[in-house]
Amino acid sequence: MVVVAVSGQPGSGKTTIAREIARVLKVPLVSSGTLFREMATKMGIDFLEFHKYAESNPEIDKSVDTAAVERAKAGNVVLEGHLTAWVVRPYADVCIYLKASPEVRARRVALRDGKSLEEAYREVTEREELNRRRYLAIYGIDIKDLSIFDLVVDTSFLSVNDAVRISVDFTCTTLSFKYSKKVC
(Lines of atoms letter the chains of each structure in order from A and count residues from 1; the text may use other names and numbers.)
(Lines give C-alpha, C1' and ligand atoms only; values in the text may rest on other atoms or scores of the structure.)
Protein backbone atom coordinates (compact mmCIF):
# COMPACT_ATOMS: atom_id res chain seq x y z
CA MET A 1 0.00 0.00 0.00
CA VAL A 2 2.37 2.66 -1.29
CA VAL A 3 1.71 6.32 -0.44
CA VAL A 4 3.96 9.11 -1.74
CA ALA A 5 3.33 12.79 -0.96
CA VAL A 6 4.87 15.59 -3.01
CA SER A 7 4.64 19.15 -1.69
CA GLY A 8 6.41 22.38 -2.46
CA GLN A 9 6.26 25.96 -3.56
CA PRO A 10 4.10 27.23 -6.42
CA GLY A 11 6.03 26.66 -9.66
CA SER A 12 8.61 24.32 -8.12
CA GLY A 13 7.65 21.30 -10.24
CA LYS A 14 5.33 19.44 -7.87
CA THR A 15 2.85 18.28 -10.47
CA THR A 16 5.51 17.24 -12.98
CA ILE A 17 7.44 15.19 -10.41
CA ALA A 18 4.32 13.68 -8.83
CA ARG A 19 2.93 12.68 -12.23
CA GLU A 20 6.16 10.86 -13.11
CA ILE A 21 6.38 9.08 -9.75
CA ALA A 22 2.76 7.93 -10.16
CA ARG A 23 3.53 6.68 -13.67
CA VAL A 24 6.57 4.70 -12.51
CA LEU A 25 4.69 3.23 -9.53
CA LYS A 26 1.59 2.59 -11.68
CA VAL A 27 -0.70 4.25 -9.13
CA PRO A 28 -3.14 7.16 -9.45
CA LEU A 29 -2.12 10.78 -8.90
CA VAL A 30 -4.38 12.92 -6.71
CA SER A 31 -3.69 16.66 -6.95
CA SER A 32 -4.98 19.01 -4.25
CA GLY A 33 -4.19 21.94 -6.54
CA THR A 34 -6.47 20.57 -9.25
CA LEU A 35 -9.33 20.17 -6.77
CA PHE A 36 -8.71 23.71 -5.46
CA ARG A 37 -8.71 25.11 -9.02
CA GLU A 38 -11.94 23.27 -9.82
CA MET A 39 -13.59 24.78 -6.74
CA ALA A 40 -12.49 28.28 -7.82
CA THR A 41 -13.85 27.72 -11.33
CA LYS A 42 -17.19 26.43 -10.01
CA MET A 43 -17.52 29.56 -7.89
CA GLY A 44 -16.46 31.78 -10.80
CA ILE A 45 -13.55 33.23 -8.82
CA ASP A 46 -10.03 33.93 -10.12
CA PHE A 47 -7.53 31.39 -8.73
CA LEU A 48 -5.51 33.95 -6.74
CA GLU A 49 -8.69 35.59 -5.43
CA PHE A 50 -9.92 32.15 -4.40
CA HIS A 51 -6.77 31.75 -2.27
CA LYS A 52 -7.71 35.00 -0.51
CA TYR A 53 -11.31 33.81 -0.14
CA ALA A 54 -10.10 30.51 1.37
CA GLU A 55 -8.16 32.45 4.00
CA SER A 56 -11.45 33.43 5.68
CA ASN A 57 -13.23 30.16 4.79
CA PRO A 58 -11.18 27.31 6.31
CA GLU A 59 -13.76 24.71 5.29
CA ILE A 60 -12.37 24.93 1.75
CA ASP A 61 -8.90 23.74 2.77
CA LYS A 62 -10.33 21.22 5.18
CA SER A 63 -12.48 19.59 2.49
CA VAL A 64 -9.49 19.30 0.13
CA ASP A 65 -7.28 17.93 2.90
CA THR A 66 -9.91 15.46 4.12
CA ALA A 67 -10.09 14.04 0.60
CA ALA A 68 -6.28 13.69 0.55
CA VAL A 69 -6.24 11.87 3.90
CA GLU A 70 -8.94 9.46 2.75
CA ARG A 71 -6.97 8.63 -0.40
CA ALA A 72 -3.77 8.19 1.65
CA LYS A 73 -5.54 5.81 4.04
CA ALA A 74 -6.72 3.74 1.07
CA GLY A 75 -3.10 3.50 -0.17
CA ASN A 76 -1.49 3.00 -3.57
CA VAL A 77 -1.50 6.67 -4.52
CA VAL A 78 0.75 9.65 -5.16
CA LEU A 79 -0.64 12.82 -3.60
CA GLU A 80 0.46 16.28 -4.70
CA GLY A 81 -0.21 19.70 -3.19
CA HIS A 82 1.23 22.56 -1.17
CA LEU A 83 0.11 21.18 2.20
CA THR A 84 -0.42 17.55 1.25
CA ALA A 85 2.67 16.06 2.88
CA TRP A 86 1.97 17.67 6.25
CA VAL A 87 -1.63 16.42 6.19
CA VAL A 88 -0.92 12.83 5.07
CA ARG A 89 2.48 12.32 6.78
CA PRO A 90 1.13 9.64 9.17
CA TYR A 91 0.13 7.52 6.16
CA ALA A 92 2.93 8.37 3.72
CA ASP A 93 5.88 6.12 2.93
CA VAL A 94 7.80 8.96 1.27
CA CYS A 95 7.40 12.75 1.53
CA ILE A 96 9.20 14.95 -0.99
CA TYR A 97 9.46 18.75 -0.94
CA LEU A 98 10.35 20.77 -4.03
CA LYS A 99 11.58 24.33 -3.95
CA ALA A 100 13.09 26.86 -6.34
CA SER A 101 14.00 30.54 -6.31
CA PRO A 102 11.07 32.98 -6.75
CA GLU A 103 12.51 34.15 -10.08
CA VAL A 104 12.71 30.62 -11.49
CA ARG A 105 9.23 29.74 -10.25
CA ALA A 106 7.81 32.93 -11.76
CA ARG A 107 9.41 32.12 -15.11
CA ARG A 108 7.92 28.61 -15.07
CA VAL A 109 4.44 29.85 -14.12
CA ALA A 110 4.59 32.59 -16.78
CA LEU A 111 5.44 29.99 -19.45
CA ARG A 112 2.88 27.47 -18.19
CA ASP A 113 -0.01 29.92 -17.77
CA GLY A 114 0.79 32.44 -20.51
CA LYS A 115 1.26 35.32 -18.07
CA SER A 116 3.75 38.15 -17.95
CA LEU A 117 6.82 37.53 -15.81
CA GLU A 118 5.77 40.35 -13.46
CA GLU A 119 2.27 38.92 -13.02
CA ALA A 120 3.63 35.42 -12.46
CA TYR A 121 6.17 36.67 -9.91
CA ARG A 122 3.43 38.48 -7.99
CA GLU A 123 1.24 35.39 -8.13
CA VAL A 124 3.84 32.88 -6.88
CA THR A 125 5.05 35.10 -4.04
CA GLU A 126 1.54 36.13 -3.02
CA ARG A 127 0.19 32.57 -3.19
CA GLU A 128 3.06 31.32 -1.08
CA GLU A 129 2.43 33.95 1.60
CA LEU A 130 -1.35 33.35 1.53
CA ASN A 131 -0.75 29.60 1.86
CA ARG A 132 1.69 30.12 4.74
CA ARG A 133 -0.73 32.31 6.69
CA ARG A 134 -3.72 30.06 6.01
CA TYR A 135 -2.01 26.83 7.01
CA LEU A 136 -0.60 28.40 10.15
CA ALA A 137 -4.04 29.71 11.14
CA ILE A 138 -6.01 26.58 10.25
CA TYR A 139 -3.60 23.79 11.24
CA GLY A 140 -0.77 25.43 13.16
CA ILE A 141 1.57 24.21 10.39
CA ASP A 142 4.56 26.33 9.39
CA ILE A 143 5.24 25.43 5.76
CA LYS A 144 8.78 26.75 6.14
CA ASP A 145 9.53 23.88 8.54
CA LEU A 146 10.72 21.10 6.23
CA SER A 147 11.67 18.63 8.98
CA ILE A 148 8.90 16.16 8.03
CA PHE A 149 10.34 15.54 4.57
CA ASP A 150 12.43 12.57 3.52
CA LEU A 151 13.82 14.46 0.53
CA VAL A 152 14.09 18.19 -0.25
CA VAL A 153 15.05 19.10 -3.82
CA ASP A 154 15.94 22.58 -5.04
CA THR A 155 14.83 22.46 -8.68
CA SER A 156 16.11 25.96 -9.53
CA PHE A 157 18.99 24.76 -11.68
CA LEU A 158 17.93 21.21 -12.47
CA SER A 159 16.49 20.10 -15.76
CA VAL A 160 13.07 18.49 -15.55
CA ASN A 161 14.70 15.13 -16.31
CA ASP A 162 17.26 15.55 -13.51
CA ALA A 163 14.62 16.57 -10.95
CA VAL A 164 12.44 13.62 -11.98
CA ARG A 165 15.38 11.18 -11.86
CA ILE A 166 16.44 12.30 -8.37
CA SER A 167 12.89 12.10 -7.02
CA VAL A 168 11.98 8.79 -8.67
CA ASP A 169 15.29 7.13 -7.73
CA PHE A 170 14.92 8.22 -4.10
CA THR A 171 11.31 7.06 -3.97
CA CYS A 172 12.04 3.66 -5.51
CA THR A 173 15.06 3.05 -3.27
CA THR A 174 13.16 4.05 -0.12
CA LEU A 175 10.13 1.92 -0.97
CA SER A 176 12.30 -1.09 -1.86
CA PHE A 177 14.01 -0.93 1.54
CA LYS A 178 10.75 -0.36 3.40
CA TYR A 179 8.92 -3.25 1.74
CA SER A 180 12.01 -5.51 1.31
CA LYS A 181 11.24 -5.99 -2.35
CA LYS A 182 11.76 -4.20 -5.63
CA VAL A 183 8.87 -1.76 -5.96
CA CYS A 184 9.83 0.13 -9.13
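Positions of Cβ are set from backbone N, Cα and C atoms, glycine also.
These come from Swiss-Prot:
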- G8, Q9, P10, G11, S12, G13, K14, T15, T16: ATP binding site (BINDING)
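Of the listed binding-site residues G8, P10, the Cβ environment within 10 Å is emptiest of other Cβ atoms at P10. If you count neighbouring Cβ atoms within 10 Å for each of the binding-site residues S12, T16, the highest count belongs to S12. The Cβ centroid of G8, Q9, P10, G11, S12, G13, K14, T15, T16 marks the ATP site; residues of that chain outside this set whose Cβ lies within 8 Å of it are I17, L98, A100, R105, R108, T155, given in sequence order. A helical conformation is recorded for T16 (ATP binding site) in the three-state DSSP classification. A 10 Å cutoff on Cβ-Cβ distances gives K14 (ATP binding site) a total of 24 other Cβ atoms nearby, all chains included.
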